[in-house]
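Visitor: Before I ask anything, let me first share the structure, which is written out below as structure tokens.
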Amino acid sequence: MAQVDEVHNGLASHFDTGWSDITDNMPSIRSLFAFGLSALANVQSVFGLQNAVTRQFSQDLSASATCTSPQLSCHNTSAVADLCCFNAPGGELLQTQFWDTAPVTGPSDSWTIHGLWPDNCDGTYDSSCDPSRAYTNITQILQAAGANDLVSYMQTYWVSNSGTPESFWEHEWSKHGTCISTLDPNCYTSYQPTEEVPDFFNRTVNLFKSLPSYEWLSEAGIVPSSSATYTTAQIQAALSKNRGGHQVYLGCQSGALNEIWYFFNVQGSIQTGTFEASDLVGSKSTCPSTGIKYLPKGNGGGSSPTSAAPLPDTSTTASLKPSTTKSSGPSTTTSAAPSPTSGGPSFSGKGTLNVITSGSQTGCIISGGTWYTSGTCAGFTATTSDDGFTLSSRKGDCASSVAP
């Protein structure tokens, strides 16, 4: 457990330095057992802790297509032979996220991806399980698979604060991706080299999209600020209520929140299986119980949040002055660039939505669609169309009604 704490908690550089420099160059537990204990291939321990050497693959089975009544990882009470449909030994899957403020990575209103980690069910883990698949051209692999949109998304939301995105992706794949049993080449019918790589990155990104940490915290009044502080209980409550009450790992550096780890068990393969939230295993949060800072990204600072208020319903008209929307409540404007001139065509560009009451700005819209009088504003994009414009955030098009 000492090794686990050193590796998992020393994440300031995003490359798991320190102990991981040693462990990355050592044979994994899985590799050692595969070499020395192959005669025990049918021996498995219960509760999802069996080693990869125990796999019994069906050569005509594709885990991504043929998993019938799969079991939930870390919940088995007897041996599971088909590890193409059952994640083991890494049955505790962690989707890990960063909040980087110095230097800043990713959008100001979003956490970023660290990775998808297959921890063992007791909190330990293997790493760098298959050096032969430590690919060094992740971008090209994904593009060759037609995943250009995925690469584009990753270039924004899966970035390192100390290296290139490509090197970060290579690290996460070789250290963690190669240890996911259901991504083993034997789990694919007519396997082609690198076929499993898009599955790993696509699943990680989709899981990240389902865990909008920034929005969940904002909904509870927890927003980035240079002065406000929060408690562990407040942060846990804001996140766990969206996960059936399951707690998460909170990581702090110098008292400032900068990591969240979401724990899951998986029913089936990671390609097509169902991820079920679980409590954290084997790791203790490193944040203090009180006085936790949640710093804004960049040098703009922040201020204490106020209670959120639903965004008033708004409507637009064809004769609408650019950058203005009409409302029965406070009006909203954008600080889109380039700035349009009054009476011109519908505006376009990127910017923020500011709330104006009685001619004065009284806050802005955050990405969850709520109005705050202070905090970090969300970024929106306005795109011109024949009858006006379309407003969208990173979550998609904003709902609105256009009057005739």
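Glycine is no exception: its Cβ is also placed from the backbone N, Cα and C atoms.
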Visitor: Could you tell me which of the ranges 125-144, 165-184, 225-244, 385-404 is annotated in TrEMBL as region 'Disordered'?
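Guide: From TrEMBL, the annotated region 'Disordered' range turns out to be 385-404.
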Visitor: Roughly how many angstrom lie between the C-alpha atoms of His114 (active site) and His176 (active site)?
Guide: 11
Visitor: Using DSSP reduced to three states, classify His176 (active site) as helix, strand or coil.
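Guide: Note: His176 (active site) is coil by DSSP, not helix or strand.
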Visitor: At a 10 Å cut-off from the C-beta of His176 (active site), count the other C-beta atoms across all protein chains.
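Guide: Result for His176 (active site): 27 neighbouring Cβ atoms inside 10 Å.
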Visitor: Enter the number of other CB atoms within 10 angstroms of the CB of His114 (active site).
Guide: 25
